[in-house]
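**Q** Encoded as structure tokens, here's the structure I'll be asking about.
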Amino acid sequence: MSMPTIKQVRAFTLRGGGADYHDQGGGHWIDDHIATPMSKYPAYRQSRQSFGINVLGTLVVEVEASDGTVGFAVTTGGELGCWIIEKHLARFVEGALVTDIERIWDQMYQSTLYYGRKGIVLNTISGVDLALWDLLAKVRGEPVHALLGGPVRDELQFYATGARPDLAREMGFIGGKLPLHHGPAEGEEGMRRNLELLATMRERVGDDFWLMYDCWMSLDVDYATRLAARAAEYGLKWIEEALPPDDYWGYAELRRKVPRGMLVTTGEHEATRWGFRMLLEMGCCDIIQPDVGWCGGLTELLKISSLADAHGKMVVPHGSSVYSYHFVVTRHNSPFAEFLMMAPGADEVVPMFHPQLLDEPVPVNGRMKASVLDSPGFGVRLNPDCALHRPFAR
Ligand SMILES: [Mg+2]
């Protein structure tokens, strides 16, 4: 078969919902007094939007092949991501064969080292990489998971992230992960409220349902250790992203200090095989949680996952819907997946990337058949009703 080449890469912004899932209206659980590294400033404590969690907006990457096939992906990156693609990365993509994914990744990463390595640049590289996988799989007429070696199980099972683990249990999920609401600056009263919510949920869900706390980088080792010790009484399964992502030493210390059986998880804001090598070799956590739209894309996630496998660690990607599912279903060390409850009250299952994506599958009774993922590419379409803006069109 003669392989098509990539004719053009285009970068767009898009506001509201989808990959920019923090850009929500008032009253949504995802912006309701959640503990963050900014919580020490009372003015930025009530809402994450107040300190700018939603400033970037969604980045949509389209890659068009010489045979007319179009691959695309969405991630967080907005106008900055568009600039990086149109002004810099496009040169490595356009004219390449649609199979040139590994070479393109290396050139995108090496050429941006002097200003990249993590953060927005890696978000952007991830977006291009995911669009390239979508394109290649569509050209081949296969789902992305088939290019990764195929499913290793018949179905995915999910835990739910949101404010209502009690409802998640009724909806068939295997666990519920709560956002932590109060950080160290809110003192003993905040600690008491954190434990109270956990106790209430434990009472509602019974003994066998997983409960976790996502701390979104908001704590220090002392607070996290005390929270873990007291939360053990309510069977907390894991404590997630308790510390800032650069504090590898703190994570290693926390992991030594948490009660036996409680897991320490992190990695949502980590990137590349080198970042995760730090987490793994320093004994920072029990589960790594890369976001495939931020850590370097699927090409890099495969390397990160192999590294974790060799360390005997699980990889349970952060959110990201179909971009995660096609990976999770092919990995032995990813036995379950995260589902982000995007209904404002976390009281019903709605597509994570609504309204940006069409045909996005959601779990039913906390599960999803692998066969649901059998359409070509990632199996989703960009909603034509969403207004795309291309700020740096060439
Ligand atoms: Mg998290």
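In case you wondered, yes, glycine gets a Cβ from its N, Cα and C as well.
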**Q** Based on TrEMBL, name the residue from E268, E270, E281 that is recorded for the same Mg(2+) site as D214, E240.
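**A** The record-listed residue among the candidates is E268.
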**Q** Return the residue out of R48, R367, R381 that TrEMBL annotates for the same substrate site as H22, E338.
**A** R48
**Q** What's the CA-CA gap between H22 (substrate binding site) and E240 (Mg(2+) binding site) in angstrom, rounded?
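**A** Distance between the two Cα atoms comes out at 19 Å.
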**Q** Across the domain 'Mandelate racemase/muconate lactonizing enzyme C-terminal' (155-261), what does the pLDDT come to on average, as a whole number?
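**A** That stretch averages a pLDDT of 98.
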**Q** Quick check for the class: what is the C-alpha distance, in angstrom and rounded, between D214 (Mg(2+) binding site) and E338 (substrate binding site)?
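**A** Between the Cα atoms of D214 (Mg(2+) binding site) and E338 (substrate binding site), the distance comes to 12 Å.
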**Q** D214 (Mg(2+) binding site) has how many other Cβ neighbours within 10 Å of its own Cβ?
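**A** I count 23 other Cβ atoms within 10 Å of it.
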**Q** Under a threshold of 6 Å between Cβ and any atom of ligand 1, which of the binding-site residues H22, R48, D214, E240, E268 are retained?
**A** D214, E240, E268
